[in-house]
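Database features, via TrEMBL:
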DOMAIN    B:94-316  domain 'ABC transmembrane type-1'
TRANSMEM  B:34-58  transmembrane segment
TRANSMEM  B:102-122  transmembrane segment
TRANSMEM  B:134-154  transmembrane segment
TRANSMEM  B:197-219  transmembrane segment
TRANSMEM  B:240-259  transmembrane segment
TRANSMEM  B:295-314  transmembrane segment
Amino acid sequence: MRTRRKKSREDYFMDVFNYFLLSIITLVTLYPFYFVLVASFNDGIDTANGGLYLWPREFTLDNYKYFLQEAKWTVALGVTTLRTVVGTFLGVLFTSLVAYGLSKSDLIFRKFYFILVVIAMNVSGGLIAYYVVLNGIGLINSFGVYVIPTMLNLFFLLIAVSFFREIPAELGESARMDGASELTIFLKIILPISLPLLATMTLFIGASQWNSWVDSAYFVQFDHLRTVSYRMMEVINQTMLPTDSQTAQYTAQLQVTQFSVQMTALVISVFPIICVYPFLQKYFVKGMMLGSVKG
Amino acid sequence: MKTNTEENSGLSPRSMLQHEKFSRRFRKQLSFQLFVWLGMSFLLIFSFTPMFGVIMAFKDYNITSGIQGIFTSPWIGLKHFEQLINDYNFPTLVRNTLTLSILKLVFSFPIPIIFAIMLNEVRHSLTKRIVQTASYLPHFISWVVVAGIAHAFFSTETGVVNSLLMSMNIIDQPLAILTNPDSFFGLAVGTAIWKEAGWWTIIFLASIAGIDPGLYEAAEIDGAGRLRRIWHITLPGMKGSIVVVLILSIGSMLGGGLVGSNFEQALLFGNTLNSDTSQIIQTYAFNVGLTQGRFAFAAAVDLVQSVISVILILSSNYISRKVSGAGLY
């Protein structure tokens, strides 16, 4: 290593400028999350007076109590949790199974299959034709519309193919000699050594399942199938226009407003993501780079 | 010459051998083929059927006739397209869609590049990690949450920004950022950058990491300062990934590029007060199709957008092949 030279003037000014700008960027990124948290623990009617910035002025748990009492929100939370678990499981398993098939080195018609995938990635018939198809196969107004059309994730299909290709073919050979089926080899041998890939896929597919709202808004009409994100969208749409936004909801004991409940919903919706995020970060950075180099 | 006649004679021993080899090979990899066919049938249902389904844009289609109805209903030519072009909304829709797409591309594209260079200049690794972790986070939350946060910050009554500016006497009337048609594009572009710009630095940081450190040392010995090193080494080293991300962004521009879906943004930030600028082709198609039940007309609207998108993808890929020799397909 060469000895560290004294910083030049340019170095010094650049560092000051750089760190200053990066601090502002970090603040602008994180403060909104913090504010939402503060507002969810503050008395709703007090929040409406404005001037709430750094900590709860009148600390209360009323917003959370209200949230957990209201059937509309608890049902939505249940539906969202279920679709996230089922949808992620199906998505990760199906996508990697298809990718395993495509990763076979001397696969016949391989080029043709890849052309189909690339076309499907780039061309779409639009949402209306998609709706007509979903309607035709009976998925509209059913839970299936959340977890079935999302089973094959084309972006991760390509990433998984390049991942499986790195696995030496001999790995399954001894099991194959013993007469194990390819499905068994895939489940028992290939998947267990593909944890980084599975973790990345789980995070991304899980987050998109958890966050999804367009399907809930337009592909189902029943209240018992609405997701948390859809319910939030509903509240936001009501309160975006100034005429409605002051309508406070008073319940017998709880002092909450539409706004304070909405902030609570935001916290509850972001919370699981923030919890798993730090543990999976190293995986998804690797996964993205795999995608960017190979894809 | 001998081999030639053999191959031409159809049932020569050699081609029979090849045929046998092919079917044996195929049987040997049958499980793999089955896995792939599962995926391809999925694509057939959820991607290719809708793709062929757009022919209903040229038909008198009724939703009650189901999927078969797409193929059996009578042709009516370009009637839906004529209707669309004569629609009093049409010029506004096209203008809004293009403005939103172009503004998002122009303003959001350079930011991850600059941000990656800034991060790369940070020597303190813990600081770097904290800033990175923070900046990727918004990528994982939904547009609904972003809209909720925007509401908390920009609403005229309780919005943090408005109440802060008012208490500092910078403004005396709250700014109607969420409802003013003039601020919709700014709101959409700003939230798109907030949500996604940090995320795309991952790719640029990866390409910076691939630059030979020897180049920096040599430049330093030659007396190049930090800015000149960035300009002459870091930026040229990122060229490949910049081109790739630019092609991807231009190709998907009408959908919102790489910084979040135009459709979701327009639905969430759009309202009756700012619909002059927030109504785009996709939201219009959706409203007309699903709330008014005019499916075939809405499919025509979708088709216009899909065709422009495919042209954008192919031409940006073509241009990049010509200019830099690197294309995606």
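Using the three backbone atoms N, Cα and C, a Cβ is placed for every residue, glycine included.
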At a threshold of under 8 Å on Cβ distances, which of B:102-122, B:134-154, B:197-219, B:240-259, B:295-314 pairs most often with the transmembrane segment (B:34-58)?
B:295-314
What residues in the same chain, six or more past the boundaries of the transmembrane segment (B:102-122), come closer than 8 Å to it by Cβ-Cβ distance?
128, 131-132, 135, 185, 188-189, 192-193, 196-201, 203-205, 208, 226, 230, 234-235, 238, 242, 245-246, 249-250, 253, 256-259, 262
Long-range environment of the transmembrane segment (B:240-259) - Cβ separation under 8 angstroms, sequence gap at least 6:
97, 101-102, 104-105, 108-109, 112-113, 192-193, 195-197, 200, 203-204, 206-207, 265, 281, 305, 308-309, 312-313, 316-317, 320, 324, 326-328
